[in-house]
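Notes to accompany the following structure.
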Amino acid sequence: METGSAADTGTTPEPEPRWTGLPRGLLRMRRLLLVVWLGLAAVAVGVLLGLFAGPAWAAFALLPLAGIVWGWVGLGRNWLSWRYAERADDLLISRGVLWREETVVPYGRMQLVEVTSGPVERHFGLASVQLHTAAAATDATIPGLDPAEAERLRDRLTALGEARSAGL
Amino acid sequence: MTTPGLDEGVRPKRVVVERRLHPVTPFRRAWAPVAVVVGWAAHDPNQAQEQLTRLTTTTLLIVFAVVVPAASLYGFLSWWFTHFSVTDSELRIRTGLLFRRTAHIRLERLQAVDLTQPLLARLAGVAKLRLDVVGADKKDELAFLGASEARALRAELLARAAGFAPETAHEVGEAPARELLRVPARELAIALMLTGATWGALAAALVVPPVLWLATHSVWTVLATGLPLLGAAGASSAGRFVGEYDWTVGESPDGLRIDHGLLDRTHETVPPGRVQTVRIVEPLLWRRRGWVRVELDVAGSANSVLVPVAPRAAAEAVIARVLPGAEVPATATLSRPPRRAGRCLPLWWRGYGIAVTGAVFVARHGLLRRSVALVPHAKVQSVRLSQGPWKRLWRLADVHVDTGADKTVTARLRDAREAAELLRGQAERSRTGRRDAGPDQWMA
């Protein structure tokens, strides 16, 4: 299988795959969104309850603030848990802290590789790569990649998929 | 694989003969306007009745004078504008009166061929032909063709899909079939009587309407719930018997042949290497008799039953033909989850079990209604391991194996370390399994 070793990661020995984490941009984006939305919620709750129900009720604004702290830590741990490895014949994706999930997708099984990037993601210079196989249950998405890396991954996966392509 | 465009450029262009469906077809399509009227009447019965009382004989005659020719014209035109042709690598269907639609079905992607004959079609001597391809629509069936023409076309399509040279594909003819198993009517009837769903539907149909009558005293409510319930009861008992009557499983060089039906006859052909999953289901009441039902998953195919009922040994003999090299491991040899799985799922954890053989991944679930799923390693699309917080506490994990028929077989509540090994091992096995798998064109 020459195609597999064409790229640098192809020669990785099978037992210990070389894992790649996600770039920091994704964490930054998610934390910013968290702070913006929960911050707005805290202000809205505080102002509305303070005006209409009395200042004591405004203490409920602390709930979204606590949410920010909890989410800040949670997002960090979740971001750390995401990683992927390109092996000679398949792609590994591992993610999740409390609900852990690890997916193995053989290159030959990929029907479609998609690179998507929403407006917010684009602003932060991020893109996600999604793999589709004939089974819809295959949930193989790598979010928050650098667009150049996402395109490299897409091209490499497509090339490998063609080389190892198999029918259903 | 080359792109079709290139293909055609290189090869000397052959004349593609376009054909039409059987001339009976317009009569089938002509029902559409009638169905619309009936649907409207059923949807709004009060207004329909009101309108009917206002009709006089003359208006009725006028309506018929308009509707009948319109319906026949619609039927005729939709038949006139539907063409199909067989090229070297594709079946092309061109249809549509206002909205044109062209379907090119690649024969190498063929998963199964269904030849069905509903009762009326049998009387008229015609048949429906459908190619199961992933993503194919209901519209992509050829309805109707003359019965003998449909058989000839099926043989030709299978020969082309099998990889016979285009020049000879026409003359190859139907591959000889050898019968593997036939389900006796008596066995089928007893099996249906021993199925909980049959009695459940029947009991619901007998109990619910009287109760509703006592509660509401409204005829419409009782009819509106009673009729569907009766229909469900009929479908799950008599309907299933009629549909599964004379179930025959055969084997031919073109693959598996499944023929069944008392009134509507269905002939299905599944070419070699298309079966994604085989499941052996053993309902509680069948256990004493040692009977099982065998289900199969083929990508893009609606049918999922391989054998409706058969003694276990006979069923296993069929499975050995369907999945070459795979034998069904005995229930006792399946490895159960560790004892602590009871903390996650009391009692039912005992129903789970897995085994890995040289050719298949086997997972069992169910305590009363046992079900054993077999996935050939070569058919695995992806492998996933998942673990929630509670399972993590007990060092357990699930391994999901996704197949090409868009179904997932899960090995539940395995020891976490074993699950991780299973994940790696299964990925490796499916990789090597694919390498040894036969070609898509099975005669090539």
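Quick reminder: no glycine exception, Cβ is built from N, Cα and C everywhere.
What TrEMBL records for B:424-438 is compositional bias 'Basic and acidic residues'. Sequence-distant contacts of the compositional bias 'Basic and acidic residues' (B:424-438) (same chain, at least 6 residues past either end, Cβ-Cβ under 8 Å): 272-273, 356, 359, 361, 376-380, 383, 399, 401.
Per-residue confidence over the domain 'YdbS-like PH' (B:79-156) averages out at a pLDDT of 88. TrEMBL lists B:79-156 (among others) with the feature domain 'YdbS-like PH'.
Per DSSP, the secondary structure of the domain 'YdbS-like PH' (B:253-319) breaks down as 14 helix, 35 strand, 18 coil. Residues or ranges marked as domain 'YdbS-like PH' in TrEMBL: B:253-319 (among others).
Per TrEMBL, the feature domain 'YdbS-like PH' maps to B:349-423 (among others).
Secondary structure of the region 'Disordered' (B:424-444) per DSSP, as helix, strand and coil residue counts: 13 helix, 0 strand, 8 coil. The feature region 'Disordered' is assigned by TrEMBL to B:424-444.
Taken from TrEMBL, the feature transmembrane segment applies to B:60-82.
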Item to check | the domain 'YdbS-like PH' (B:349-423) - residue tally per DSSP class, helix then strand then coil | outcome: 19 helix, 41 strand, 15 coil
Checklist outcome for this item: Helix, strand and coil residue totals from DSSP for the domain 'YdbS-like PH' (B:79-156) stand at 24 helix, 34 strand, 20 coil
